[in-house]
């Protein structure tokens with residue numbers, strides 16, 4: 001077993017250890033243990049350690065209980081972090097913590113940390129803790145993408161009443177909007193008896209006493225969950241995906257080797273050929289992007305790489321770059337999203353209809369939505385006919401038509417007939433309206449219902465009928481990777497695409513009291 005300088009397989013090897021060799025363990029974190037053995041200190045994988053001495057069957061002498069050690073960490077979120085009574089997202093929330101807030105960590109286990117914040121003790125997700133004090137630089141590689149826990153609450157007022165959202169934390173402030181019972185809101189912060197929230201595109205303040213943590217499931221709601229197992233480990237899936245150059249808008253430290261650049265001033269250099277920019281000081285790091293001969297790069301610092309060369313950290317201005325293996329793994333791992341109240345909707349089976357109530361959809365979703373108002377029966381018919389989730393169809397149509405008001409949605413005269421296009425099908429860049437109208441004409445979409453029902457067939461054929469019937473599978477298509485040995489037929493290159501698509505679908509479901517929802521959770525095999 002390798003004893004390494006750092007807690008990563010990329011770190012250099014200090015020495016190798018034999019089976020049964022005794023080590024002293026100082027700490028354990030994220031699958032790595034800091035140990036001392038024969039005068040050398042380093043890191044080893046915890047899966048190759050055991051508390052039992054090799055070849056011994058005798059019970060070891062009891063040792064005194066070690067003194068409980070605590071560490072200080074800081075909350076790192078863009079919104080608010082829930083402090084819960086137990087290490088699970090189903091546990092009650094004690095309070096919310098702000099970005100940068102200091103906590104004392106007693107222990108960490110299975111992605112949860114027992115902490116003390118102020119006078120309150122509870123549990124938080126370790127993903128949102130950092131050892132870096134706010135305002136200080138962290139000399140380590142770029143962290144995992146920020147994925148703050150979405151804190152959702154629901155309006156708790158009488159069905160015949162509504163909740164005032166005000167411009168400030170008090171009853172003297174103006175009313176910005178009103179929210180109906182059970183409306184889902186995003187909790188941004190909480191102070192005293194007032195909460196800052198956002199809902200339906202509005203941000204304001206409400207009395208905390210009128211918010212509840214969970215939405216009671218009415219009799220008309222049915223939720224089921226299944227697992228889809230794949231004959232790939234998560235690490236194998238990551239390795240395959242890296243071959244397809246998955247993209248991200250995350251910013252990384254970027255490096256170029258000394259023989260690839262001529263330094264022309266104290267802060268600039270000229271690229272000498274076509275070279276890769278790496279995510280670290282060595283060719284063993286992933287390729288972030290490529291630069292061309294003659295490009296001018298701003299030099300930020302330099303470091304000696306593991307290959308003995310000098311590597312320059314340079315400034316890269318690309319908006320989209322190749323994602324790191326760690327970030328790809330984060331977005332691929334269903335465990336990071338399956339318990340999130342919003343992002344878990346990337347696992348909704350889009351090949352299953354939602355069994356909607358026509359009157360409820362017309363009243364709560366399509367009211368005031370232009371040409372789509374009163375068209376719930378058409379979406380439900382389309383879903384049943386082609387095996388497509390009707391909420392997904394409605395969400396798609398609302399987005400593409402600008403809430404039922406686009407030119408293609410309200411009708412375009414083409415070859416002497418008025419045609420309709422509710423999903424933007426064929427509306428390619430260049431002349432979107434004419435191209436979309438031509439497609440609708442050839443498809444025979446001469447009424448709004450023709451466009452809603454007929455367009456659903458196109459949507460079903462593209463991905464859903466090809467067994468990519470969740471947003472997660474549209475993005476990653478694990479079945480194809482498993483069968484072919486390489487990524488294929490993926491809707492997007494953005495690693496965060498699936499997480500970004502689900503807010504609208506979640507919002508639509510939250511407006512209803514009558515629907516069914518089927519979740520399919522991917523499960524990768526363990527080693």
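The backbone N, Cα and C atoms fix where each Cβ goes, glycine too.
It should be emphasised that the depicted structure is a prediction, and the values quoted were computed from it without experimental measurement.
TrEMBL lists 1-53, 70-133, 149-215, 263-341 with the feature domain 'SH3b'. What TrEMBL lists as region 'Disordered' is 52-71.
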Tally of residues which DSSP labels helix, strand or coil - the domain 'SH3b' (263-341): 11 helix, 30 strand, 38 coil
Composition by DSSP (helix, strand, coil) of residues within the domain 'SH3b' (70-133): 3 helix, 38 strand, 23 coil
Secondary structure composition of the domain 'SH3b' (149-215) [DSSP: H/G/I, E/B, coil]: 3 helix, 35 strand, 29 coil
